[in-house]
Amino acid sequence: MAQESPKNSAAEIPVTSNGQLEDSHEHSFNRDLKCSLPVGLGLSETKITSHDFDSAKEGVVEAGQFPSCSASPKSSVISPSSAAASRLAGQGCDLIIPTGGRAQQKSGPVVLADEVKNPAMEKLELVRKWSLNTYKCTRQIISEKLGRGSRTVDLELEAQIDILRDNKKKYENILRLAQTLSTQLFQMVHTQRQLGDAFADLSLKSLELHEEFGYNADTQKLLAKNGETLLGAINFFIASVNTLVNKTIEDTLLTVKQYESARIEYDAYRTDLEELNLGPRDANTLPKIEQSQQLFQVHKEKYDKMRNDVSIKLKFLEENKVKVLHNQLVLFHNAIAAYFAGNQKQLEQTLKQFHIKLKTPGADAPSWLEEQ
């Protein structure tokens with residue numbers, strides 16, 4: 001059965017000048033407080049106020065509806081300076097005091113709220129590390145260009161990279177010349193086709209020169225047909241070489257750039273560690289040397305990994321390059337030789353050998369039925 005609420009709406013508790021309750025009123029205050037704590041009622045309506053304890057004035061406690069200490073109230077605000085708050089804590093009620101100084105009553109141990117991490121500080125730390133790394137790498141590059149800094153060199157790997165870059169330039173030159181040849185051959189085939197149509201038209205309108213115009217019309221049309229076949233072979237050659245140069249080789253060179261960046265970072269942190277080792281060793285420098293050693297080891301592992309990746313990619317690239325260029329050079333030679341020899345059968349056989357399908361004129365344009 002719920003206990004009756006206290007008769008008086010407020011109970012005045014005299015306190016001494018130092019903020020402690022008088023002994024004569026301590027027992028009566030505890031009895032009144034326990035009696036005014038019905039089970040199941042909230043503490044949100046309870047307010048404990050205190051006046052200046054430095055003076056001889058009395059503190060006033062407004063007794064409303066109090067829950068028991070075993071209940072879990074939703075919210076309650078108790079002034080940390082109040083003497084009644086210490087009484088409640090002594091009777092088993094737990095207080096959580098955040099860093100802001102505001103006390104909240106909860107069930108559980110007394111804890112301090114942790115401060116929330118600021119994302120701006122984390123970003124600032126990342127920017128600081130990036131700036132420091134960029135500074136070290138820039139200093140290393142300048143030192144190498146001025147001839148003052150040392151550089152780690154893998155002679156065998158560097159020679160393979162130089163050969164790859166030189167071959168890429170030569171392949172790009174072949175690619176440009178083949179594209180020029182394809183453009184010129186396309187113009188010639190287009191002209192031969194138009195010339196053949198003109199001869200065929202004149203053979204129908206000029207009866208006295210019907211056979212002569214007819215022979216020339218057939219010859220130009222045959223040349224145009226063979227030219228289209230040769231044009232298909234050349235375009236296939238261009239597409240394969242373009243894939244090799246601008247995709248396969250370019251991908252390998254991208255890995256080479258990453259390897260060179262890792263090499264610069266490795267040398268930068270190696271130089272930094274060497275400078276620290278040459279200096280004095282005391283309580284201030286030993287932590288810096290240990291940290292520099294850890295960073296050097298991290299970048300050394302990264303450098304070794306990138307060097308292995310470049311070696312593997314160069315090996316696979318060489319095998320792929322030999323295979324692709326062998327087939328494409330055989331195709332180009334056989335197609336050119338058959339075309340200028342006038343061997344139409346051999347030219348068509350060459351395209352079938354490499355599974356090249358020619359596009360018929362107007363094949364790209366959809367029919368009126370497909371457009372519906």
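Including glycine, each Cβ sits where the backbone N, Cα and C put it.
Feature annotation from TrEMBL assigns region 'Disordered' to 1-27. The annotation domain 'AH' is assigned in TrEMBL to 152-352. According to TrEMBL, the coiled coil annotation covers 154-181, 289-320.
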>> Cβ under 8 Å, sequence separation of at least 6 from the ends of the coiled coil (154-181): give me the contacting residues as numbers and ranges.
In response: 234, 237-238, 241-242, 244-245, 249, 252-253, 256, 307, 310-311, 314, 317
> What parts of the chain pack near the coiled coil (289-320), using Cβ distances under 8 Å and only residues at least 6 beyond its ends?
Replying inline: 152, 154, 157, 160-161, 164, 244, 248-249, 251-252, 255-256, 258-259, 262-263, 265-266, 268-270, 272-273, 276-277, 281
>> Restricting to the coiled coil (289-320), what is the model's mean pLDDT?
In response: 90
